[in-house]
Amino acid sequence: MPGAVEGPRWKQAEDIRDIYDFRDVLGTGAFSEVILAEDKRTQKLVAIKCIAKKALEGKEGSMENEIAVLHKIKHPNIVALDDIYESGGHLYLIMQLVSGGELFDRIVEKGFYTERDASRLIFQVLDAVKYLHDLGIVHRDLKPENLLYYSLDEDSKIMISDFGLSKMEDPGSVLSTACGTPGYVAPEVLAQKPYSKAVDCWSIGVIAYILLCGYPPFYDENDAKLFEQILKAEYEFDSPYWDDISDSAKDFIRHLMEKDPEKRFTCEQALQHPWIAGDTALDKNIHQSVSEQIKKNFAKSKWKQAFNATAVVRHMRKLQLGTSQEGQGQTASHGELLTPTAGGPAAGCCCRDCCVEPGSELPPAPPPSSRAMD
């Protein structure tokens, strides 16, 4: 981390609803919620992360430093922290609001999708994560549902959400960070070894794998066997799903999904790989195969995530704000930072009367042998 950062002293508000009109609950976690809201002064739509202060007891000092660092993050592919309020028993983090929806939805809706499209997506993720790493920030939970489109425009950029405040968690609780999405976690995290920025590079490799075939590289109904696969870095480029994918793409993934974190590519090295920086990413249309597998393996009925990007798209289309210009305060949304809970609104949440089904962990996909194409 950078050295101790001054500030920012959050603003005091007697009632946050005097400033913001709460519209909808976008996500819920153990001690927090993400709310879609409108600034009553500017009519700007934002995402407000409401954090129960009791969840931060004993961590106030580190919290101030972490939020100060978040406040300084300015990158075109990372959601921004605009403001902070304290009111009653909660902190309110005012975040940008993304309006473009989820990564998988966009891919499925496209009629044409290529390796080059996937390469452009991964380039944006690598560039943003390199920026975080240069600041000493490790995301630790990169996954497709944390990649959201900035706007409804066809050429919209991708945005990384849901990062940074994980640093406020007990650094010894490595497994608690991974349990919600085991398929994306680096081997050293599962082995409960000290880990570094390299864990993010592994996760980017997993995301690249999924973007090129539509299913995750690791699967087993039994968590222990799933973890064993990850610990050994056992994955395949299965036929026929990878037959039309370039050797360069596979080489890129192998360098990121390298078991040894010391040998694993850094973001800087990955950005220099020919599949990203060169012209080796193919232009062949792989939409049918990839979209079919995404629909099978990441179906909405099975995948209930903590952040509801669909609700944002619905609101944006209703208000005809989905294509706001970047320079005019177009907003992007921050996903859920804390581990989701089951069974109702978040404990200690700021809107207990809101009826929202909390997110649950991403289910594993069927093994390659049972993924016969229709």
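Cβ from N, Cα, C; glycine included.
Annotation note: Lys59 (ubiquitin cross-link) sits in a coil segment as assigned by DSSP. Summarising the annotation, Swiss-Prot assigns ubiquitin cross-link to Lys59 and lists similarity to another entry as the type of evidence.
Positions annotated as active site, proton acceptor by Swiss-Prot: Asp141.
Look at Swiss-Prot and you will find Thr177 tagged as phosphothreonine, backed by experimental evidence.
According to Swiss-Prot, the feature region 'Autoinhibitory domain' maps to 276-316.
If you look up Swiss-Prot, you'll see 296-317 marked as region 'Calmodulin-binding'. Mean model confidence of the region 'Calmodulin-binding' (296-317) amounts to 58 (pLDDT, 0 to 100 scale).
Taken from Swiss-Prot, the feature motif 'Nuclear export signal' covers 315-321.
Listed recorded positions: Lys59, Asp141. The one with the lowest count of other Cβ atoms within 10 Å of its Cβ is Lys59.
Spacing of Asp141 (active site, proton acceptor) relative to Lys59 (ubiquitin cross-link) is 21 Å (Cα to Cα, whole number).
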